[in-house]
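**Student:** Shown below is the structure under consideration.
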């Protein structure tokens, strides 16, 4: 946990803020364009796309401008240097709880998007076609299940741990850390919380990844079968939009998984300067929102036409 980095805190926040401002403009454009183009989407798809764009807008603004965290697995926590976080008006755990909430709900929104795309592809007599009631219950169950982690983390970290407890725990877990002396806005977790949260994460990743891969696999199979038949214009549009959703989901997965895997490398290798791991993970994750909105513009012809005007 190097005290000095090749880029100062001000430089890091400047880079993240630049990415955030650019992403914010693109996100707002996509959000407004979706509202104007709502008639080209099925109603359930339009609602999910709108929610995705809204969550991305908030997540991008919070992460790149207000939060900018440095996470360390050895202490199961970290500190933040964002504009609002650095001032200490809101504790690290509040920012981190919001960040977890936004990420997990973005994840489940992509799965729900694939679920609705899958249902829209199914013919009325297909055994995989669910009724109206079931189509509402499944997304509700997915959302309630994925929010177990942010709710528990918020209660345990924000309501049950006072700042003095955080300081005592940090000195126990990392005696060499100078976060208190440097007046960092930080947060850490004890071993019991780490184990419980870790189990929740592993179970959630396994369950939701299985659901996502199963839906994606069946979508690909159905599209392959459809291509052997003569299709109407509406069916071709539906298939094209479904493929776009698969690409967007894959992009989100890459920009979420890669930063996590990169910063986890600190746990398995002792770097003289941990910034070689932490800075790329921060900058990569900052680009998640921009990548999603750019794909949406490129893959949506009417939106691309609006961007060229």
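Using N, Cα and C of the backbone, Cβ positions are placed for all residues, glycine too.
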**Student:** Identify the transmembrane segment range according to TrEMBL, selecting from 65-84, 125-144.
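**Tutor:** Of 65-84, 125-144, TrEMBL gives transmembrane segment for 65-84.
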**Student:** Transmembrane segment per TrEMBL: which of the ranges 157-178, 245-266 is that?
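**Tutor:** My reading of TrEMBL: the transmembrane segment range is 245-266.
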**Student:** Who are the chain neighbours of the transmembrane segment (245-266) in space, where the CB to CB distance is under 8 Å and they lie at least 6 residues beyond its ends?
**Tutor:** 71-74, 103, 106-107, 110, 113-114, 117, 212, 216, 219-220, 274, 277-278, 280-282, 284-285, 287-288, 291-292, 295-296, 299
**Student:** How about the transmembrane segment (90-116) with the transmembrane segment (12-34) - do they touch, taking at least 3 C-beta pairs under 8 Å (6 or more apart in sequence) as contact?
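**Tutor:** No, the stretches stay apart by this measure.
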**Student:** Restricting to CB pairs under 8 Å, which listed stretch, 12-34, 65-84, 278-299, is in contact most with the transmembrane segment (40-58)?
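**Tutor:** Comparing 12-34, 65-84, 278-299 against the transmembrane segment (40-58), the winner is 12-34.
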**Student:** So which residues does the transmembrane segment (65-84) touch in its own chain, when a touch means Cβ under 8 Å and the partner is 6 or more beyond its ends?
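**Tutor:** Apart from its flanks, the transmembrane segment (65-84) reaches 1, 9, 12-13, 16-17, 20-21, 90, 92, 95-96, 98-99, 170, 173-174, 177, 179, 184-189, 193-194, 263-264, 266-267, 278, 282.
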